[in-house]
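Below is one structure, written out as structure tokens; the observations come after it.
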Amino acid sequence: MARAATATISLEAIRHNYSLAKSVAPDQGALAIIKANAYGHGAVEVAKALSDIADGFGVACIEEAIELREAGIKLPILLLEGFFSADELDYISRENLWCAVHSLAQIDIIAAAKIDTPIKIWLKMDSGMHRLGVAPDDYQEAYQRLNDLTQVKEVVLMTHFSSADEPDLAVTAEQIALFDKVTQGIEADVSLANSAGTMAYPEARRSWQRPGIMLYGATPFAMPQEVADKLKPAMTLSSEVIAVRDLEPGEAVGYSCTWVCDKPTRVGTVAMGYADGYPRYAKSGTPVLVNGQKSQIIGRVSMDMLAVDLTDIPDAEVGSYVEFWGDNLAASEIATYCDTIPYTLFTGITRRVHKKYI
């Protein structure tokens, strides 16, 4: 029998979440963002599951797009980081990829390229994230240059929000206002909204939405939110108890003896560790479910194993089912205990964890 560490992926939940993203802006397009192996869920499998309802996909780089094309995915694919070298443009043109442009230097490279099929360009403005994007003062010129090139089929205007997951901040409204001011007079499709923008900012729902984390059933918000409450978790991370022992007060559990029993304690060892992607920095007290009952991690997470408290779960034994996050335990709750975000939990799952698609 194989090691029990498993990530069960509900493709139906992902379809539901994509449809939810579409429902809040039904007259606009939505690119399903499946970069980073669909946030750890399996890019090819997710793309195939969405191919009959999605308007297209978004990935980070050409390698991720090639994987999808070789798997038979025919829908448009946007390269969110654009191209890294001129030799990528031939493949981008040939395979009908859409490509972000975030610098004036990239426009020079496109202008010098000899390609057979014009490319659809998504021109990114730096409206305040200060990561990628053409400066606002240069944006109109960049648009005109691209629009005049025979190598360019169409230009979509885009930017990226830095703080849409924090609705109390004025930053997102300021970014939208700046973007609208700079692009005034340009007749083109527009894309502003990531998951948080799609869910909470009606004014950001333009021609194209870019739902990412919401596809996988996790909310970008720290507080309850109307759309977030309708999301369905897509990944359940689970394993089994592989050993049980009874310890006395004063006995320690795990590396460096960081957790010491203060009473008679029944301890279960579970086949799940940081080499599987479960965070090593998870604190003692981080919740888990054993046979559906709430328990907690005790001691440090090891490479291949961790310990859970079974004292109050008398029916737990070797082979008992352990859920780390999923349908019954929100990834966002676990992320809070680990001082991180669901994105890192999902993308951190390693290849030795068996993926089961349902």
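Count begins at 1; order follows the chain as displayed.
Cβ atoms here come from the backbone N, Cα and C positions, even for glycine.
All protein chains shown were included, and the count of other CB atoms within 10 Å of the CB of Lys35 (active site, proton acceptor) stands at 20. Positions annotated as active site, proton acceptor by TrEMBL: Lys35 (among others).
TrEMBL lists Lys35 with the feature N6-(pyridoxal phosphate)lysine.
Here TrEMBL flags Arg131, Met303 as substrate binding site. A C-beta separation below 8 Å, combined with a sequence spacing of at least six in one chain, links Met303 (substrate binding site) to Gly273, Tyr274, Ala275.
Sequence annotations record features per position, and here TrEMBL assigns domain 'Alanine racemase C-terminal' to 234-358.
Long-range C-beta contacts of Tyr255 (active site, proton acceptor), restricted to its own chain and to partners at least six residues apart, with a cutoff below 8 Å, comprise Gly299, Arg300, Ser302. Residues annotated as active site, proton acceptor in TrEMBL: Tyr255 (among others).
The Cβ of Arg131 (substrate binding site) lies under 8 Å from the Cβ of His160, each on the same chain and at least six residues away in sequence. When pLDDT values are averaged over the domain 'Alanine racemase C-terminal' (234-358), the model yields 97.
Across the range of the domain 'Alanine racemase C-terminal' (234-358), the DSSP-based residue counts are 19 helix, 46 strand, 60 coil. The DSSP secondary structure for Lys35 (active site, proton acceptor) is helix.
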